[in-house]
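Undergrad: Here's a structure for you.
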């Protein structure tokens, strides 16, 4: 059976979950249609999701259409949960990007588009909410072309618009598609194209052939010879153009009213790639270089852990895996190539949102979940022994908001730490630590909503009440200048007198470069590894108590007058040395700058811009969508606490905004 691993991506409220619920219904996986407003969707199964009507965790669903197995991941649209999108995209072969026919391209749409570009994911575009006031299919298509510098391939034209939208004309099939409820069951019917649509269909059919002929010699030849271009050839070339990311097929519908779903599922099967149509990149530990590997069931196992999810029912973590070669089964001896630990699968599951069906194996190209892993995390590579490859891992954005947390009862502090450990294992953008100054437990995340959801989980899922402080900005720090020095340690460590010198040079790097450690002298590999760990650990907290970023540390000399220094001593002393030298680099504090997209009624635009300027924000652009203006801007994160209340007050509750982290900037004053 053929497989499609696809993601459903969009801005919040564009209709991701509603569309996914319809796909689940039409493929026969569910006998009722879940509704976001009613809180009974299959994919949004967490209590916090059903209560808020948003997707928080990327739910995995397996369903079938015709002769194809479709693994669907419905991803969050809120920027606070962008890590869920990132780790899902890493294992997808194709995607459906949903656009609102009214709002067009929105902030998170741009974010997920960029993320999917990074992973070179072929996509379909589905323009939803065609029945809404202000819906404009062709404007959104134009925006996709201009904003994303891609070639949209229109496969359908609308029958009616806004409240009169009733179906589509399929340009390839030359048929009208109508969608109606019959005895309470959605039913698709086909009819010949009416004369009123003939000219428009002819125009877009010619445009479709023109686009395909740009990369298809076969279609070009048939066109020049004035021969018929068969349906099979057209669909085959659309598929080829989609997989090569030369084109983006565009469909439409209104998912809430069950219009456009079956053609969308057909297009997922017809145009998006199977796992066997693309080689995957890996790092060969034997050859010490990147390689391309062909997916093959007969090869040894290589799989990626792309998500870890805690189940309070079984009090254990469930590990979601994508298999790139070989197969997962409980008899295999497994090795975690990322950390060198041996692992074992105890149970294997086919996933259906929050419900699991136990199975015997997960084969090449498929997605499943396993129990039994003890030392694995998101982004780790699982292999059979002697298959020395590392798959490309998953990278995540920096947390930008902090909050102090303490249990109502001091006796619960150990349990609270355990809960934080459980959550941080499943959510790489959540972290916690103990403040050196106050002794308080500090949690950090992607935004206020992110931390709010986690605190709700602690109360509802783990039955623990906590006190919290006000949200604070998660600053960073970096070196202000180059400093070069030899640090001398002559003291007792672990009961032994140690005389040790280490020379370091610390240089500031451009923003976004990350931290680098270079060894400019010959060092024993064991000592080198210990020093690397010591300095890396020291990056966690600098002079101001914040993580250190964007510096280069060069080790240019090591002199030891003491024999047989332990690894732990090298590790600890290297950390001391780094902190001592870093203090002399004129450290600077960095604050997060956020990108905002503010949606406001036109009559309030002037007031919104004025107040935003007073806050020290910068306006990048203002564009109009019907009765609303979209203001794209940026501001320091510390100025944005409480901005939702300011916006609601200024717009009489009609305004809204989204924001995402952009970059770190030196904080002045």
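Glycine is treated like the rest: Cβ placed from N, Cα and C.
The following feature annotations were taken from Swiss-Prot:
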type	residues	note
DOMAIN	1-276	domain 'tr-type G'
BINDING	10-17, 74-78, 128-131	GTP binding site
Undergrad: Provide the three-state secondary structure of residue 130 (GTP binding site) computed with DSSP.
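TA: Looking at the DSSP assignment, residue 130 (GTP binding site) belongs to neither helix nor strand, so coil.
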Undergrad: Reduced to three states, what secondary structure does DSSP give residue 10 (GTP binding site)?
TA: strand
Undergrad: Is it possible to get the count of other C-beta atoms within 10 angstroms of the C-beta of residue 10 (GTP binding site)?
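TA: The answer is 27 other Cβ atoms.
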Undergrad: Counting across all protein chains shown, how many other Cβ atoms sit within 10 Å of the Cβ of residue 130 (GTP binding site)?
TA: 28
Undergrad: 10 Å Cβ neighbour count around residue 16 (GTP binding site)?
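TA: Taking every protein chain into account, the count is 29.
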Undergrad: Average the pLDDT scores across the domain 'tr-type G' (1-276) and report the rounded value.
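TA: Mean pLDDT for the domain 'tr-type G' (1-276): 85.
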